[in-house]
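Enquirer: What follows is a structure written as structure tokens; I'll ask about it next.
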Amino acid sequence: MKPFFWRIIGSGSVNLVFIHGWGLNSCIWNNIIIILSNYFKLHLVDLPGYGKNILYKEYSFSKITEIIACKSPKKSILIGWSLGGLIATNISIVYPEKFKGLIIVSSSPCFCEKKDWPGIKKEILNNFSFQLKNDFHNTVKKFFNIQFLGTKKNNNEIKKLKNIFFRQKEPSYKTLSSGLKILKNIDIRNYLKYIKIPTLRIYGNLDVIVPVKIIPIIKKLQNFNINKNIIIPSASHAPFLSHPFLFCKIIKYFIKKFN
């Protein structure tokens with residue numbers, strides 16, 4: 001199998017491992033790399049089937065968890081956005097000794113709506129899966145549009161996402177479909193209690209994919225003393241794109257507090 005590509009930028013003593021979301025690749029972090037690489041060593045992951053790992057055909061949630069955990073430096077800090085946040089959460093549960101911090105961005109331990117749990121309606125995810133097969137490009141564009149509903153910078157941010165998606169070789173239908181299955185089926189809420197490392201969760205107050213009303217529920221599920229939640233006003237599902245400087249300031253402050 002082709003070696004797993006892993007981009008490293010910066011030379012700080014603290015290692016940050018970045019995991020992107022559905023449909024995109026590690027270029028999604030370009031806005032903040034310029035800032036954070038002055039302070040930390042950044043490890044930028046392309047998930048299997050995406051970006052530079054487009055030929056790496058490994059789609060199971062458990063295998064992706066294993067690949068990233070094994071490749072990560074010891075005592076690094078995981079940063080995961082959306083689908084990447086779900087993967088980062090699982091890594092910190094399965095490999096509790098390897099990491100010293102967890103930063104979750106606009107993500108949920110269960111993306112699908114359940115009883116007493118806010119999330120995406122199952123029929124919407126099913127519909128996306130169906131449309132993906134029949135109209136690949138428009139379905140991806142539609143998903144990007146949903147991520148920025150209500151934000152003032154709507155058009156600029158959507159354009160950035162589309163540029164990242166179409167700049168490199170497109171992920172296959174199988175890659176995107178497998179990612180949607182993870183979003184639809186994975187539920188690790190009951191395992192949050194096993195996370196015993198400092199955790200920061202960043203949300204956008206306008207996010208319709210991961211609504212801020214999950215915050216008090218997650219607080220009860222992950223009852224650990226260093227568990228910080230921050231809501232960025234006027235931000236939606238990708239706050240690091242709409243508010244890069246504030247986002248980096250939050251991350252630097254969090255790491256400084258416990259490092």
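A Cβ is built for glycine as well, from the same backbone N, Cα and C atoms used for every other residue.
These figures come from a predicted structure and were not determined experimentally.
Taken from Swiss-Prot, the feature domain 'AB hydrolase-1' covers 16-244, and the record attributes it to sequence analysis. Annotation source Swiss-Prot lists substrate binding site at Trp22, Ser82, Leu83, Phe143, Phe144, Asn145, Ile146, Gln147, His237. The active site, nucleophile annotation in Swiss-Prot covers Ser82. According to Swiss-Prot, the feature active site maps to Asp207, His237, an assignment based on sequence analysis.
Describe each of these features in terms of where it is and what it packs against.
Expert: Mean model confidence of the domain 'AB hydrolase-1' (16-244) amounts to 90 (pLDDT, 0 to 100 scale).
Within the same chain, residues at least six positions away from Trp22 (substrate binding site) with a Cβ under 8 Å of its Cβ are Ser82, Leu83, Phe143, Leu176, Gly179, Leu180, Leu183. For the recorded site, Trp22 (substrate binding site), the DSSP three-state label reads coil.
Secondary structure at Ser82 (active site, nucleophile), as computed by DSSP, is coil.
In the three-state DSSP scheme, Asp207 (active site) is classed as coil.
Cβ neighbour count for His237 (substrate binding site): 27 (other Cβ atoms within 10 Å of its Cβ, all protein chains included).
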Enquirer: Here's one to test understanding: among the binding-site residues Phe144, Ile146, His237, whose C-alpha is closest in space to the C-alpha of Asp207 (active site)?
Expert: His237
Enquirer: According to DSSP, collapsed to three classes, what secondary structure does His237 (substrate binding site) have?
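Expert: DSSP call for His237 (substrate binding site): coil, neither helix nor strand.
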